[in-house]
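All remarks here apply to the structure that follows.
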Amino acid sequence: MAGLEVLFASAAPSMSCPQDALVCFLHWEVVTNGYYALGTGDQPGPSDKKSELLPAKWNSNKELYALRYESKDGARKLLLKAVSVENGMIINVLELGTQQVADLTLNLDDYIDAEDLSDFHRTYKNSEELRSQIRSGIITPIHEQWEKARANSPPREFPPATAREVDPLQISSHRPHTSRQPAWRDPLSPFAVGGDDLDPFGCQRGGMIVDPLRSGFPRVLIDPSSGLPNRLPPGAVPPGARFDPFGPIGTSPSGPNPDHLPPPGYDDMYL
């Protein structure tokens, strides 16, 4: 039982009853199983600190001992209370995170010799049995219940995306892949007209529809609005688009010439 005698020596000057000796042994067993003492009372205090020794004023109340512990990995916190009842003690331990409880009742006469509390070798008797009682009644149940609660806990949920991460008004930087129109290459020869119809895979050569702007002959500026009473809005005819003129090429957009006299023989059906 390494460490118990050293702990007893540090606490012996303040021991005055069998209950003190039993709580000292209980504290040693809890620390041996991977805990630090934090302080006394139900609530944390400004004087709390992690230590393997008993905290100050740990036995100021002989009727009710209240000690708080924290596991070395910080995962579990215990609240231990020992209540004096006639010639025995009722020990209750609460795991603060899961609210799991374990309790144990011990008879003082079975484990403590009250005749000389200053002598370590005479104070405790049946030490192995006492240690087994504490482990099976408190330490093991608390650990098993904590592990079970941890295994049954729901998986961690990630918070939803913030407004900064998802903005419906923000233009996405990822543009969908769209098919692009093949670049129009001017034929180098007027005889290239219709070449695309001979190639089933299409090599971007001219088809049977002749574009007057891309026929290979000297180009003549054509007004797309020819034959219309008003001009087309900008962008109505994309550059390089194939189209049929709306009217005779070269007419004025203001309309035909105002002829006041009918043409000769307009009323002769046999003419």
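Heads up, the Cβ atoms here are built off N, Cα and C, so glycines get one too.
Per Swiss-Prot, the annotated omega-N-methylarginine among residues Arg122, Arg150, Arg185, Arg231 corresponds to Arg231. Of the residues Arg68, Arg76, Arg219, Swiss-Prot records the annotation asymmetric dimethylarginine for Arg219. Model confidence over the region 'Important for homodimerization and interaction with FBXO7' (2-150) is summarised by a mean pLDDT of 92.
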